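Colleague: Annotations for this protein, taken from TrEMBL, read as follows:
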- LYS182: active site, charge relay system (ACT_SITE)
- SER257: active site, charge relay system (ACT_SITE)
- SER281: active site, acyl-ester intermediate (ACT_SITE)
- 120-562: domain 'Amidase' (DOMAIN)
Amino acid sequence: MAHIKEGVGGSYFTLECNLCIARSYKKIATMFRIPVHAGNSLYWCAFKLSGVDMARTRLERFQSWILCTFKKVIFAIYQLLASRPSDGSSKLAPITNPLLMVSGMQLAQKIRLKEVTSVEVVQAYIDRIEEVNPLINAMVKDRFSAALQEAAQVDRLIDEEEGGEDVLKDRMPLLGVPFTVKVAFALQGMPLSAGLVSRRGVISAVDAPPLALLKRAGAIPLGITNCSELCMWYESHNRLYGITRNPYDTDRIPGGSSGGEGSILASGGSVIGVGSDIGGSIRMPAFFNGIFGHKTSPGIVSNDGQFPPSSGLQDGFLSTGPMCRYAEDLLPMLQIMAGPSSERLSLSSKVDLRKLRFFSIPHDGGSVLLTPVEDELLQIQRRVVEHLEADLGVKVQELHFPQLKYTFQIWNTLMNVPDEDGKPPTPFIDFMADHGKKVWPLWELVKSCLGLSSHTIAAIGLALMEMVQSSEPDPFFLKQKEELQKELEEVLGTDGVLLYPSHPLIAPKHHHPLFTPFNFAYTGIFNILGFPVTQCPLGLTQRGLPLGVQVVSGKYLDRLTLATALYLEKAFGGWRDPGSSS
């Protein structure tokens, strides 16, 4: 049952020490094959061991402090030994071309009205990509020559059009506007590798349905962007294309798996883009890079034409959606990518924010597997609440759901449930092999230590996890999911909007996710619940790193989160140029 509290009060207890105990036990259990709870994950034992009893003895607190310190020392050593991806002093040049500082919809209008040519716009973005990509490694394959030819065709079409600007707007609303797309999508003539070395030669013969719809609307693809290996990690790093960097601080991650999209958009190398999200792969990169990203309601935008494909129940959790710098591009992009299915969302219906009910959940309640939410993120969410109350005259209720402490376990359980025909999801290790020679995770781990593996540590770790987890879903976590689903649906109804942290940490340093692997559950839980979510940027920290928040609504009420995103952009300034950010 949800605990409701008026306003923004309440305290947050820190469970970092318990987290360390849980992780330490998890490693021991894995090493010595200690039997675990007959569930979907070995972390239940860690949870039971660590507990949430805060009344610990001085000795226990000291032991916990030792374990926490040990973890930090190990991470520091890892950072020293790991090859450094970049010099943190590397800073992007400020954006100087005014064409790069307007939304996709505004660009489309300028092109239709002949205030600027499509060739000029496309060339401006090509120039910016060539300027920033050596620093961020976001775009992994371009099609600049083809894009310029297509832009020239657009300009000729506009010159020859006799029906006027309105006809072009109705028929091709994104005519002449460039866009980028994650390398996990099929884009005709471009690689479809998902960062897997063995797929370096796979070239798409057709377009994924959402990309075909964008191209039919007149948009021009510039190229494909990096992702994590097989799209199942929240740092965009693989052995085929290397590591992608955050434009606000190149020593930090851009998130994943759509991290290349987040990075190229935030740096001004693209205005609109396409990502996919099964655990936060749109929203985490959008958050870490200070842009907008939308996870759609299930079944609205086609997930076909992606690698790896979904299986089991996963297609209901996977979302293909828009990523962009300007909130006004979200709705038209979604409308185009959804095709006829967009009618289910009533996107043309006006939204009056003053008539909505707003709720805020500041944290998950203290999961032993997740990191506590950083103070700066708690503070910015509190500022959003205060602004909503002062400006709109609404009362924001603070909620707490005890089930949120199990978000990772819920996600992990449901991701491995068989489909309606009883067929289980395709194992991750099968995608690593990609119909080739069988992959042995333990051998790959040895090879990785010697620098000889073609797979990342994150991918190998996930394959190792598969070896020890049970194939039977845990009834406890299934029950937690059903209870949370029911209670949230009742709370949100048809006019409710919820604020929830996009991640517990502000953009971490490279490789840090290896030590906080479950933090993606802040986003992943909404894939399982099926609610639409928009990640909204909320300015920068004093260190110049992006802040943000997730905006959630009931199923098929995407228009509520999109309208809130427009409002928050005006209130908090939206995306900031990383080249001019202090």
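Backbone N, Cα and C define each Cβ position, glycine as well.
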Colleague: Tell me the Cα distance separating SER257 (active site, charge relay system) from SER281 (active site, acyl-ester intermediate), rounded to the nearest angstrom.
Modeller: 5
Colleague: Around LYS182 (active site, charge relay system), which residues of its chain at least 6 apart sit with Cβ under 8 Å of its Cβ?
Modeller: ILE224, THR225, CYS227, SER257, SER258, GLY260, GLU261, GLY273, VAL274, GLY275, SER276
Colleague: Do you know which of the active-site residues SER257, SER281 has the most other C-beta atoms within 10 angstroms of its C-beta?
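Modeller: Comparing the active-site residues SER257, SER281, the most crowded Cβ belongs to SER281.
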Colleague: What mean pLDDT does the predicted model reach across the domain 'Amidase' (120-562)?
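Modeller: For the domain 'Amidase' (120-562), the model's average pLDDT rounds to 97.
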